[in-house]
Ligand SMILES: Nc1ncnc2c1ncn2[C@@H]1O[C@H](COP(=O)(O)OP(=O)(O)O)[C@@H](O)[C@H]1O
Ligand SMILES: CSC[C@H]1O[C@H](OP(=O)(O)O)[C@H](O)[C@@H]1O
């Protein structure tokens, strides 16, 4: 990365213009910076005449939301580009096209998905996406099964694990998801009215034991190549299409972490419904839709995961009678536990979610935060005994009754 420098907007445009086969010669290109994420710069570069465009994403050598005092490896762009390549091979319809990867400048150029919306925004506007369960179920089943020991040559899989060692990005998750929310820490940000609920989490040793076990799994279980940050801002959606972006947190970890992250974000929106409608009927209907989506996601995932396992060449031991059932049962438990920690950290941790944060009414916002903490903590505590996704739905219903 010797030639790295932060691109000026005009340089970004010239870089895009130079990519062979994308724009006609002499084309007039416009550009705007649209990056609203925590880590990177994102330019949308458009041919004003045809409306065709692309996205140029450049990593900064530090954490954007904190500043230059906290360096962050540019190697994350290699991880992101390689993960995108693998995900696209496995799920061509569910990932963006990548046009260029330039390691020296730590940038990736990819398909502009502006005809989709980030799913978080879609849900905040009460969008309904009936195909989502099937789409995300496919993404999860294919990316998780086909990158695991179940379906890969065991030696190749180990090489993959090595290529995806992602210590600095994993460290962010280890700190922000598994550590800070469970103790008094400068990394926690929350509003005074929920201090009592946060302090209960800090003092709950039964909860801490479950988090320690989930953290151990995150640290040691190299089960599959994870996306690593599968929240609803990283899912772009429209009625007939869904695409997953931003796998810079990819590493070999426990499958349930990715599935749990999606579920957590649906349930954070569920919690936030407290502030998005004055009409109780409308709020309940939308909550029901979100719970149906959680159920559908899990059942589609399970169906497709089992079908792929049964229908493709897999590891000899994977055919052992009874093994698949135990594997899927444990996967559900992991999913539930990780969904819980991903909810809790977004309420009083360092990074919050707009679904709750943007509620203007302070009382409703507080209520939404309390609901999210209640669901998150209950999921964490249930993780090792859960037997069915229905338990997740019941926990969510109990939290608002
Ligand atoms: N391929 C894309 N098409 C359209 N918008 C995109 C695309 N990639 C990123 N963006 C926009 O930039 C934002 C930040 O991108 P992201 O890859 O999530 O960066 P970060 O890692 O900093 O979060 C996204 O939320 C979205 O608004
Ligand atoms: C200090 S950044 C933490 C936060 O940033 C990542 O989000 P994104 O890259 O999608 O903006 C990730 O969720 C991390 O938890």
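Just so you know, glycine gets a Cβ as well, placed from its N, Cα and C.
The domain 'Aminoglycoside phosphotransferase' feature in TrEMBL is assigned to 32-272.
Using a 10 Å Cβ-Cβ cutoff, residue 246 (ATP binding site) registers 24 neighbours. The annotation ATP binding site is assigned in TrEMBL to 40, 57, 111, 112, 113, 246, 247, 248.
Sequence-distant neighbours of residue 229 (substrate binding site): residues of the same chain at least 6 apart with a C-beta under 8 Å from its C-beta are 173, 246, 247, 248, 249, 261. Annotation comment: TrEMBL describes 229 as substrate binding site.
The Cβ neighbour count for residue 248 (ATP binding site), using a 10 Å radius and every protein chain shown, is 27. In three-state terms derived from DSSP, residue 40 (ATP binding site) belongs to an extended strand segment. Around residue 57 (ATP binding site), the same-chain residues six or more apart in sequence whose CB sits under 8 Å from its CB are 35, 40, 41, 42, 43, 107, 108, 109, 110, listed in sequence order.
Proximity to ligand 2 at the level of Cβ atoms, with a cut-off under 6 angstroms, picks out 229 from the binding-site residues 57, 113, 229.
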